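J.: Pasting the relevant annotations from TrEMBL:
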COILED    424-461  coiled coil
COMPBIAS  1-16  compositional bias 'Basic and acidic residues'
COMPBIAS  833-851  compositional bias 'Low complexity'
DOMAIN    49-165  domain 'Response regulatory'
DOMAIN    183-254  domain 'PAS'
DOMAIN    341-387  domain 'PAS'
DOMAIN    470-693  domain 'Histidine kinase'
DOMAIN    715-827  domain 'Response regulatory'
DOMAIN    884-996  domain 'Response regulatory'
MOD_RES   100  4-aspartylphosphate
MOD_RES   765  4-aspartylphosphate
MOD_RES   933  4-aspartylphosphate
REGION    1-43  region 'Disordered'
REGION    830-873  region 'Disordered'
């Protein structure tokens, strides 16, 4: 027991009690002994809490003892007066109240009334011994649940348990009823909110209950009898059987046990939902709802119609896609990330010739060009891993072995790759044709001659040393041809006066060779010859010269303004100014620097006029800027940069006239110069040249009119497979004074050559079906040696016409004066060639000179009757042993002259234009000598000699070069003979004789 006491404020007759205002004692929990314990109403829950109103300690102990003996566990709070009682009633924590009737300051009925007011749900029991039966009856009438006499406390435990149990049962019933009422209320409110109709059917009695909403949803009047048949017949005739079957299945034992059916009721669509309840396998009732689903049904119908329309559109799109798949000329395919083809469209069959069954299941890599397999595989793998791949190109192999170029667009979906490829073979060929047609070629010889003419005006400039090697190389190549032919002519049996003239020409050529290392003095008072000039063309044409001047230590970049104005300037002197600026920039940069040349248009207003002597005045200018990323200039150096002989270079490295020449030239041309420079960030020198509105002039302007042939009109064989082009070309030739016969193919042209002996010149289209132009010219040279030929072409296979003189190439569309000039130049060559029996062989289709010119294995032996000096060459004068010579020279003129001379000396020669071609024919025992130029495109002559020494040890090597060669070749591990250009052919003859003797 846990006992808590509250005492009233009157004096107690029991001195042992605590004072009136003592605080509550802690509740005492009373637990009976285990053997006396019995189940109480509080079993499994907290012990009951009792409020005891008793002023007697003895009665309290007796009452407590009676409850303990009964095995009750309880908590008890004791109060002895009105004040403590009221305080306890304020704490709504009690399960029962036990009160004595006789109390010091008020009676038990008053205590009952207070309890009924404050705690109406707590049972009130009287425990007293001074009242009779009438009082007990009145107490029960006023709300007490029991009356126990103190002399019969044995009845108290049962009375307490019963009172508490009944109270708790009433409370549980009340709560259940409240919950039921709340649930019914919620259901009613929910049904009203959702407009649900409620119904309940009892199969055993046939009774049907439904509410007004159910009747309204079924479209029935309120007075409709509540029968199941009325429920079923309210549905649309087409839905009645289905609704009845659903109800039967729900009510049948072992059936579904529930109703879920949608049906039409008048203008509405209604759904019936219900649950059947069974007792002993028999359905006793079925409860459910009706719900208006008209809107949902309409939405379902709309969705169904939308889905049908969508399916129809999808089907239509599918047909369109299938039609595109079948009819498209683009290759379409579905493949795996591993490039395994899963599906291909018919375009694969039409374009590539493979059957569909051959393609599906095979790897795309089997069709790709070997060089494209790895890139395409990598792109597919990157796409499969989520990487971005936009477009890529690849080459596919046709069934006939040819290759076609395709541009692909691809995407991934569900682990597969969808790709579309478009054939761009013809498109790319057209682009190449356009680029080839638009290129304006200027030969290296003409460029070097112009530079040499410019350099003749300069003296004591630091640029001289850099220019000498580049100019001397090509100029000496020319002198090699001159001296070689003069030596050959010297062997001929000519009159003495002609021999003297030949000797004079030879001495002049040798003097020219010595002059390649010298420069004329430079004068500030130069004579300018300004003309309307396109600076973009001038800068672009200087690129190769600048690259050779700069060497490999400096990168060159060019940015040209697309709409550049013409400038009034002397182009020769401007080239010299650019070279000076480029050399200054090179000297200011470390290895790996960058030189940039750019052009632009600029208008200077009066407010932007000259502030320094070198600045240009107001006006319209074409600006040429030369920039470097070198060391830059300090402000002090920049202020003196244009002073003559001022230089910051070491002694011997600069004359100080470079920028002075640029300044004098720009000012004399009517422009000016500006310098922008910062230490550590490089320098930009901008040359301002006046704009002109005149027509841009070039070297072709010197031809006032198209030249015409002298004497009888030459007969030209015109060969072109395009009849329209052939017709207009023939008309142009007729206007120029030539006679024309036409052929539409290479075979027809050869037939005419065999039947006509009066043909003076061939004008041949390069790109023709069957036999192309190069093959035709080569065959014609064998049938008609010495017959000149010109090529007309809109494009050619890369390298096909390499090595052919530019004078023999007429690009389409050609200008009349250009065609006339080249025809006029070709006619005199034919006149001279008529005195000889052969000319150098025509280029092969790949642009190279045929191998083994004059070798005995060709039909017949070389005819030396037409060679200079052939009449004086006897068997005794011929070399004692002919050599097999591998000759490598990229200059076609030099190559032809040397081959002609060596062949005349009975040597066997294989002539190649590049080191790579030479290595292809190199074999042990095939050649006695390698004779090569040092400066070659691609692999150099030194690298070729090194490679030959490894492949064919002991093969003699002769290196020739037009440069000032001072390098000791032993540093390369080579034991070779060097022959400087221009070399005397007699020197070459002596050298070959010595090599031949060493082989004996």
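Placed from the backbone N, Cα and C atoms, the Cβ positions cover glycine too.
Could you tell me the structural context for the features on the list?
T.: Averaged over the domain 'PAS' (183-254), the predicted model reaches a pLDDT of 82.
DSSP labels the residues of the domain 'PAS' (341-387) in these numbers: 28 helix, 6 strand, 13 coil.
Non-local neighbourhood of residue 100 (4-aspartylphosphate): 53, 54, 55, 56, 59, 108, 126, 127, 128, each in the same chain, at least six residues away, with C-beta under 8 Å from its C-beta. Under the three-state DSSP scheme, residue 100 (4-aspartylphosphate) falls in the coil class.
Long-range C-beta contacts of residue 765 (4-aspartylphosphate), restricted to its own chain and to partners at least six residues apart, with a cutoff below 8 Å, comprise 719, 720, 721, 722, 725, 773, 791, 792, 793.
The Cβ of residue 933 (4-aspartylphosphate) lies under 8 Å from the Cβ of 888, 889, 890, 891, 894, 941, 959, 960, 961, each of which sits 6+ residues away along the same chain.
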J.: What does DSSP give as the helix, strand and coil breakdown of the domain 'Response regulatory' (715-827)?
T.: 49 helix, 23 strand, 41 coil
J.: When DSSP is mapped onto helix/strand/coil, what comes out for residue 933 (4-aspartylphosphate)?
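T.: In the DSSP reduction, residue 933 (4-aspartylphosphate) maps to strand.
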J.: How many helix, strand and coil residues does the domain 'PAS' (183-254) contain under DSSP?
T.: 40 helix, 11 strand, 21 coil
